[in-house]
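Here's the structure, in structure tokens; my notes come after.
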């Protein structure tokens, strides 16, 4: 009588033959990342956001609905909310630079401001408190074809001799002819000219991403409440800030300019390709049918989904979430399967495969009432912008 092992051999042959014919596949069986029902994920995300908002506002429970005054918001509160919302939108529109770009040599380009004799300056209201510097964005795009290639941008100004100390502020030309504060500088008296440099990398990336033709900066004297005279005393080569508010003619090639440091397009071709391959952000995920890890849309209506009326603005927002498998190349027929088996043995509750998690998050500005007093708050990390496998 043959041994028991030999008696079982005919039964095992079909199974062995099936394994031979089956191509190597990712070790999905070793992953503990479970597939979750989409509706269940959405419900859990909504409940998590409910607790997240209350926790960030340090509220044990939602305010009483009867405490919310009827009618529109005060103009000052609405203006503060709108400016906060615009600032967040502007910052989120900035493309994220790629770390790989630091490897390549940078090409340095100088883009001069538009001459003040150009008629585009006629649209700007002259003031003894400020000077204005406008730039043609077509020249910027010629130097830097894509925002992601920009490594650094500096606004360079040649300050002439200064008799008195002055505090100056730099502003960016923004939407609706408004100006957004960027930075400030305390200038000491000096008998010799001095180059001033402002880091405006984020601003120039915004300009390269938008379709505008003319963008610019404003340099203003700091306006203190106890000062009667806030006239700009600083003279910039190529400009004049006289008390009449006139702008002088250009003085040679040392007028204000943008110094751009960028990776040349021909050196960053593979960077461009890899960026699109890895960019699991809303621009890619919302316009594709990607089944692997990606950002999934989720709009939360505060009244409908949370039953809240105490948040006055916005009425809702796109919270989004990350979902999808993260495939990897470890197959069952490789040495890594032994490592994974050992890992699972010692960490039974952990995941051997990467999971889809948020990478970039954005804040959410809100207006809500405490009693009858409206408050504007910015809640951090409320909107999923991109995902990654980790």
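Glycine is no exception: its Cβ is also placed from the backbone N, Cα and C atoms.
According to Swiss-Prot, the protein carries these features:
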- 1-29: signal peptide (SIGNAL)
- 30-74: region 'Straightjacket domain' (REGION)
- 75-271: region 'Arm domain' (REGION)
- 82: N-linked glycosylation site (CARBOHYD)
- 136: N-linked glycosylation site (CARBOHYD)
- 176: N-linked glycosylation site (CARBOHYD)
- 226-252: region 'Bowtie tail' (REGION)
- 285-294: disulfide bond (DISULFID)
- 293-356: disulfide bond (DISULFID)
- 322-387: disulfide bond (DISULFID)
- 326-389: disulfide bond (DISULFID)
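Contacts of residue 285 (disulfide bond) defined by a Cβ separation under 8 A and a same-chain sequence distance of 6+ are given as 294, 295, 296, 387, in order along the sequence. Sorting the disulfide-bonded residues 322, 326, 387 by the number of other Cβ atoms within 10 Å puts 387 first. Cα-Cα distances to residue 322 (disulfide bond) place 356 within 10 Å, out of the recorded positions 82, 136, 356. Of all the glycosylation sites listed (82, 136), 82 has the fewest other CB atoms within 10 A of its CB. Put simply, of the recorded positions 82, 136, 293, 356, the one whose Cα is nearest the Cα of residue 389 (disulfide bond) is 356. The two recorded residues residue 293 (disulfide bond) and residue 326 (disulfide bond) have their Cα atoms spaced 6 Å from each other. Here the C-alpha separation of residue 82 (N-linked glycosylation site) and residue 136 (N-linked glycosylation site) works out to 28 Å. The Cβ of residue 356 (disulfide bond) lies under 8 Å from the Cβ of 292, 293, 294, 322, 323, 324, 325, 326, 387, 388, 389, each of which sits 6+ residues away along the same chain. A mean pLDDT of 59 is what the model gives for the region 'Bowtie tail' (226-252).
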